[in-house]
Amino acid sequence: MASSDGSDVETQSLLNSGDRTLRSWKDTVFPGISWDKSIVWITVAQIIMYIISCVLSRSYEPNERTLMLLGAAYAPAFSNFQLWRVVTPLFLHATILHLVLNLVFILHISLRLEERYGTKKFLVTYFLSAIVGNLLSMLMQPWALSVGASTAGFGIIGGMAAEVSVVWCKLSEELKRIYSMDICILAVLIYFLSFGRTVDTFGHLGGFLAGVALVCYYNKEIEDLPKWFRVLFYGCSALCATILVVSPPLLLLRYPYRVAATS
């Protein structure tokens, strides 16, 4: 009579192997994911808001009226002192595909940045990138309705690019190829999978500049920084400061009576 010990060991080995494979897949796609990461809770909030927007629209996808009601970036509405529209677009998405693609890629890259710099610095980078991006977007494309987390996503990409460029000369050729490919693929995917039929180029640009400026600031005490580091840091910081200071008054003065036509 055959002992069951061997089969039990084999079964347990298979289960452990499957568990390791699952953990390996999870760590590859979402490195270091856990409930103590703020980006995980932001992602949950974005999913909840998408469900709410679909319920209000009575459809599987939110309509423009609902997105407008819930806080999409729209310059004429911002000019009516609806200042929250620089942040609320982060939690709104136009389609389920838009939601999934934005969140998967942004979650993937954000986990690394939050682990590296901590929750406070990560949140500053995430939200300030979105604010700068949405302000620039509304200033340059005032009649476009914009939603999505890609302004913040490009801030994270900008931060990654800045961090890698600072230590570029110290990386091996293999790491250089890996980082270059990672940043390029993420940028291209988020760029081409943005809201609607158009791409919010200015929103992405503003977010990217803010991410570069902030991560340069976090690393400014590193020894042996490249000669161009200060130019990059002060240049991006000056552009972001200009957007933050100039955009709100221009938007408030430029469209003071237009919001009534959009209701």
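Using the three backbone atoms N, Cα and C, a Cβ is placed for every residue, glycine included.
If you look up Swiss-Prot, you'll see 37-57 (among others) marked as transmembrane segment, on the strength of sequence analysis.
As annotated by Swiss-Prot, transmembrane segment applies to 86-106 (among others), with the evidence given as sequence analysis. Residues 29, 39, 42-43, 45-47, 49-50, 53, 60-62, 67, 70-73, 78, 127, 130-131, 134-135, 146-153, 156, 186, 189-190, 193-196 of the same chain, all 6+ positions outside the transmembrane segment (86-106), place their C-beta atoms under 8 angstroms from a C-beta of that stretch.
Taken from Swiss-Prot, the feature transmembrane segment applies to 121-141 (among others), supported by sequence analysis.
Tertiary neighbourhood of the transmembrane segment (142-162): same-chain residues 46, 64, 67-68, 72-76, 89-94, 98, 102-103, 105-106, 109-110, 112-113, 125-130, 132-134, 179, 182-183, 186-187, 190, 194-196, 198, 200, 203-212, 214-216, 219, 232, 251, 254-255, selected by CB-CB distance under 8 Å and a gap of 6+ residues from either end. According to Swiss-Prot, the feature transmembrane segment maps to 142-162 (among others), an assignment based on sequence analysis.
Counting every protein chain shown, the Cβ of Ser150 (active site, nucleophile) has 30 other Cβ atoms within 10 Å. Look at Swiss-Prot and you will find Ser150 tagged as active site, nucleophile, backed by similarity to another entry.
Per Swiss-Prot, transmembrane segment is recorded for 189-209 (among others).
Just so you know, the Cβ of His204 (active site) picks up 25 other Cβ atoms within 10 Å once every protein chain is counted. According to DSSP, His204 (active site) sits within a helical segment. Residues or ranges marked as active site by Swiss-Prot: His204.
Marked as transmembrane segment by Swiss-Prot on the basis of sequence analysis: 231-251 (among others). Packing against the transmembrane segment (231-251) from elsewhere in the chain are residues 75, 78-79, 83, 131-132, 135-136, 138-139, 142, 162, 165, 206, 209-210, 212-213, 216-217, 220: each is 6 or more residues past its ends and has a CB under 8 Å from a CB in it.
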